[in-house]
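Structure, as structure tokens:
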Amino acid sequence: MLDAIRKNGVTLAVFAAITTGLTAVINAVTKPTIEHQTAVQQKILLDQVVPPELYNNRIQDECYSVTDPALGNTNPHHLYLARKDDKPVAVALETTAPDGYSGNIQMIVGASFDGIVYGTRVVEHHETPGLGDKIELRISDWINSFNGKKVNGPSDGHFAVKKDGGDFDQFTGATITPRAVVNAVKRTTLYIETLPGQLSSLPTCGDANE
């Protein structure tokens, strides 16, 4: 009986070793493909918020970490710097709307250093399906209403939902969600205007405590 137990133990050990080895091989083979697909999707997202004709650097490789309450919390957010002939012209900046109806709304905002919004995308949210989820491009083109708009300072009343006297539509039965997004875009764009003097001192992604 002991011999049988030992034999089964050896068999299980060999099986475990083979399985572990196969898993390692599969991971090694698929990792480059996964990384490539992730990079492609990231570039597509960045080009949606900063038009590619505005820059000629590899924007996804110029990633910096920024932390500021204007971005919705004090967590590090990634900033992608767009350059034209080595001159900084715009950024795509991750940001958070902390006051969504169902919690945080994670976004990315592309803007120039003089307050012009190039594009905005929501990358994660938990808003109510059929109501607040109209902030998603696949459901509604509302998010494109920011394109080309300029934020004229902190007191710019146009940068608000219509219910608050601004220019942006709210959703039927859902004002909290679009209000949170509009306010986050405004705060983030105003913050981007302050960045030119800080760019040289920003930590690169991975160097900060993220």
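Note: Cβ is positioned from N, Cα and C throughout, glycine not excepted.
Per Swiss-Prot, the feature FMN phosphoryl threonine maps to Thr175. DSSP assigns Thr175 (FMN phosphoryl threonine) to coil in the three-state reduction, placing it in neither a helix nor a strand.
The transmembrane segment annotation in Swiss-Prot covers 9-29 and rests on sequence analysis.
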CB within-chain contacts under 8 A for Thr175 (FMN phosphoryl threonine), separation at least 6:
Val161, Lys163
